[in-house]
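Right, one structure below, let's go through it.
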Amino acid sequence: FHEKQEGSLCAQHCLNNLLQGEYFSPVELSSIAMQLDEQERMRMAEGGVTSEDYRTFVQQPSGNMDDSGFFSIQVISDALSVWGLELTLFNSPEYRNLGIDPINEKAFICNYKEHWFTVRKLGKQWFNLNSLLTGPELISDTYLALFLAQLQQEGYSIFVVKGDLPECEADQLLQMVQVQQMQRPRLIGEDAAARDQRRVQRSEAGVEGDRLYNSSAMVDEDDDNLQKALALSRQQIDMEDEEADLRRAIQLSMQGGHQSDITEPLVSNTPQSSGNSEPEPLTSEELRQRRQAYFEKQQVKMEHLSSKGLKQTTNVQTMDSEADGASEENMLKAATNMSLDTRKQSSKSAEEN
């Protein structure tokens, strides 16, 4: 049983933690305090109600309790006397002369600056039942003497509880088993601060989680945009590849057409070798003149067709500089074929004559 601190009712918590139950309330302790005040007043009145000491005593507030809930050692002692328990000052020379080992006692009540708390033996183990702690604190046998010595050094008044404490469930259970404390209890103020800190950390973790979620969402959106861009890029590349293939096909088709136009005249117009007779090659000047004559003839033909209202459309698609070079070469070869054909006809006429 462990009562935690409420207001300034540490005397109530001290008694209940000592007796291991809700035996006393503020009302009952206030009643004991008022009885003590009345007893003191009656003793002071024995010297005369008109005396200066009596008038001073009556004007002073109670020394056994106050409005905050504090109760004096006399109130605690009278409350324990109902159970046949007495308090002996542990710091007194009389008790020290007895040479009693603290480990052989049953309980201690400690006080410092109007704060009361209990240290009690339950079963075979000692516990600090301070109401300012979040729970009982286990104290080993070897540490008990050091713990009490430390309290004395800090200015605490320590009282030994003499008598038989009422039976309690915790004492009966711990007579059979021993406990191990994995984590020491905190002070109530520290525990509240730790809870606030954990609350802040959870809040910050939630904000960070939202930030990470938003960042993840942005990354996912960026990935989606990247995938879309890659898909569009691949589609564009495919279209460009198709257009490139189409252009190459047209170019090959045109080259094939030009090649056939050139090859056929060469085959049909080129004279076969007869013995050792070979046609004489044309000079560059003759080739240029005959080419010029061919172009002029084609121009006259085009003008003649235009005069009759005929429309002739010529779509020349130039794919690259190589195609232009091929067209010019084809025209040159065509002019060469015409020249060869003309020369062949001249040679034939001369033979007939």
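Placement of Cβ uses the backbone N, Cα and C atoms for every residue, glycine included.
The annotation domain 'Josephin' is assigned in TrEMBL to 1-176. Summarising the annotation, TrEMBL assigns active site to Cys10, His115, Asn130. The annotation active site, nucleophile is assigned in TrEMBL to Cys10. If you look up TrEMBL, you'll see His115 marked as active site, proton acceptor. The feature compositional bias 'Polar residues' is assigned by TrEMBL to 255-277, 309-320. Taken from TrEMBL, the feature region 'Disordered' covers 255-286, 300-353. Look at TrEMBL and you will find 341-353 tagged as compositional bias 'Basic and acidic residues'.
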Across the domain 'Josephin' (1-176), what is the average pLDDT of the model, as a whole number?
90
In whole Å, how far does the CA atom of Asn130 (active site) lie from that of Cys10 (active site)?
9
Are there residues of the same chain, six or more positions away from Cys10 (active site), whose CB falls under 8 angstroms from its CB, and which are they?
Gly69, Phe70, Glu114, His115, Trp116, Phe117, Ser131
Count of other CB atoms lying within 10 Å of the CB belonging to His115 (active site):
18
Measure from the Cβ of Asn130 (active site) and count the other Cβ atoms within 10 Å, all protein chains considered.
25
